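Engineer: Would you mind keeping the following structure in view while I ask a few things?
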Amino acid sequence: MGWIDKLNMGVARTPFGRWFRLEGSGAKIERAGSKFSIELRAGLTTFVAMAYIISTNALILTDSGGTCDCDRNEYGASCDNDPAYDSCLQVMKLDMITATCAIACIACVLMGTLANLPIALAPGMGLNAYFAYTVVGYHGTGKVSYQNALSAVCIEGLIFFVISVIGLRQSFARMIPKALKTATSAGIGIYLSFIGLQSSAGIGLITAKSSTLVELGGCPPEYRDSNNVCQSHHMQGGPTWLGVLGLMLIGTMLLYRLKGAILFGILIIAIISWPRKSAVTYFPYTDAGDESFDFFKKVVTFHPIKNTLAAFHWDLSSGQVWIALITFLYVDILDCTGTMFSMAKFGGYMDDRTQDFEGSTMAFLVDSASITIGSVFGSSPVTAFIESGAGIAEGGKTGITTVVAGIMFFIALFFAPIFASFPPWATGPALIAVGSMMMQNIVHINWDYIGDGLPAFLTIIMIPFGYSIGYGLIAGIGSFIFINSFVYIVYKLSRGRIVPPNFNSRDDWLGFIKRGGIKSNIAPWILRLFGKKPASITEYDSTSNNSITDDAMQVDELKEISVERSR
């Protein structure tokens with residue numbers, strides 16, 4: 001037995017190991033295959049895959065102008081040459097770097113400790129862009145002030161917390177058909193890969209084109225226009241080919257089951273990209289490159305939040321504020337719920353009988369609390385990150401993975417120059433590789449029945465094409481309701497005589513209610529409040545006429561998944 005095995009065994013036998021249900025801990029339900037050393041590596045991988053959010057979120061939110069002010073026209077142009085305004089924006093950017101690291105640290109530690117899930121949280125991409133460019137507007141040219149928008153985010157978090165406590169959010173999530181949950185995971189995999197192929201957070205292999213929307217990119221930076229679109233010299237950019245090399249390295253290491261394959265791949269490409277005299281440097285000799293390199297050279301620094309801490313303005317009289325609040329609510333609930341369920345499916349935590357995953361209630365509570373805390377720091381809504389799949393792919397099975405990621409975000413508060421300098425073509429290959437892994441469950445979709453298959457397909461394609469997990473779920477749920485409601489109405493009117501040829505092969509949408517009963521979908525504390533006994537662990541399975549124990553089922557499922565992945 002090597003020292004790593006002794007370390008894993010020693011940690012598992014401690015109260016720490018039992019809390020996180022490590023294998024060999026003696027916990028009632030252990031996470032099969034979970035080992036302390038693997039959790040550490042998975043946490044590092046998750047953090048590195050998410051590290052781009054530190055600088056990216058700061059840049060996007062800084063574009064909103066924050067609390068900075070100047071005499072501007074409707075386009076914000078008069079602010080561009082104002083030295084005092086530029087100085088304020090620079091402070092805003094540093095505030096947002098600190099805020100991003102701080103809220104990601106708090107959210108990840110809470111998620112890992114309380115929900116025991118390897119799902120990391122941070123300010124969400126997409127929501128931050130909506131916050132900065134649509135709600136507040138570029139340099140504050142929107143119809144809602146930055147301070148009012150933060151108030152809307154804070155209220156959103158409180159509303160989420162309430163509906164999570166009473167169980168509404170969980171019940172809504174359970175009602176999403178099984179085919180759509182599986183499709184969401186596959187759609188997010190394509191979405192993740194699509195992000196990894198772009199230049200903003202990936203290798204730059206795909207770029208925009210007016211006639212066909214997308215085309216092959218890969219051009220050097222000097223041949224891109226102001227919108228980062230290649231004008232010529234396609235596939236001649238060094239960073240793109242370096243990113244392709246990173247993908248091949250990660251793929252080869254994964255093929256041989258080398259531990260830490262994704263993390264090593266990211267680090268190798270990042271280190272190659274740091275020297276300034278290299279043709280693939282992340283710090284070219286430009287104004288932007290000089291600024292980034294000067295920040296990189298600081299290595300250790302800490303910037304306290306100066307202007308955005310609790311910068312609320314509670315003027316909710318504008319209809320635009322309520323439009324923003326409602327939009328935050330429906331997009332975030334669909335995005336975050338879809339991400340959590342897809343990560344649970346990917347990690348093997350989904351219970352097919354209840355269509356729920358272990359720790360879901362606490363996960364939703366942590367998510368909602370993190371949204372409110374993030375607004376105090378001046379950040380846009382916090383959400384679950386699909387990059388968590390990178391850590392899960394490395395073997396992360398418990399909340400230790402997320403806690404480690406949170407600790408790394410805390411360290412990043414002081415080493416932000418390093419962690420904010422991972423080039424996108426270093427992290428992009430990891431996103432593509434993880435995306436490919438998330439496609440594995442697509443075979444479990446019921447493609448034989450069009451009432452399940454078509455909504456699932458729409459979900460899969462609309463997530464990347466609509467660039468939103470929420471829009472994909474809307475397309476899938478909407479089409480599922482229309483098709484299957486029509487079938488149900490015809491079935492009832494014809495008294496069962498007119499049905500599709502393979503009607504009996506459809507997924508049992510509400511099977512989890514039939515098997516678990518209505519009580520299984522109501523928060524246990526609410527049942528106790530009204531003197532009702534919560535649903536028993538042992539429930540009657542109407543499909544097989546057998547008693548099924550939840551704990552036994554989960555242990556067996558996790559063991560099967562662990563054995564399969566260790567082969």
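Cβ atoms here come from the backbone N, Cα and C positions, even for glycine.
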Engineer: From the ranges 41-61, 188-208, pick the one that TrEMBL records as transmembrane segment.
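Structural biologist: That would be 188-208, the stretch labelled transmembrane segment in TrEMBL.
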Engineer: For which of the residue intervals 295-317, 364-386 does TrEMBL record transmembrane segment?
Structural biologist: 364-386
Engineer: So, does the transmembrane segment (398-419) come close enough to the transmembrane segment (449-467) to give 3+ Cβ pairs below 8 Å, pairs being at least 6 apart in sequence?
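Structural biologist: Contact between the transmembrane segment (449-467) and the transmembrane segment (398-419): absent.
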Engineer: Cβ under 8 Å to the transmembrane segment (241-274), counting only same-chain residues 6 or more beyond its ends: which ones?
Structural biologist: 38, 41, 44-45, 48-49, 202-205, 218, 280-283, 296, 390, 393-395, 421-423, 425-430, 432-434
Engineer: For the transmembrane segment (149-168), which stretch among 97-121, 364-386, 473-491 has the most Cβ pairs under 8 A?
Structural biologist: 364-386
Engineer: Which residues of the same chain, at least 6 past either end of the transmembrane segment (97-121), have a Cβ under 8 Å from a Cβ in it?
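Structural biologist: Counting only partners 6 or more residues beyond its ends, the transmembrane segment (97-121) has Cβ contacts under 8 Å with 19-21, 39, 42, 46-47, 50, 53-55, 57-58, 302-305, 308, 339-340, 343-344, 347, 349, 357-359, 362-363, 365-367, 369-370, 373-374, 377-379, 382-385, 387-388, 391-392, 396-407, 409-410, 412-413, 416, 420.
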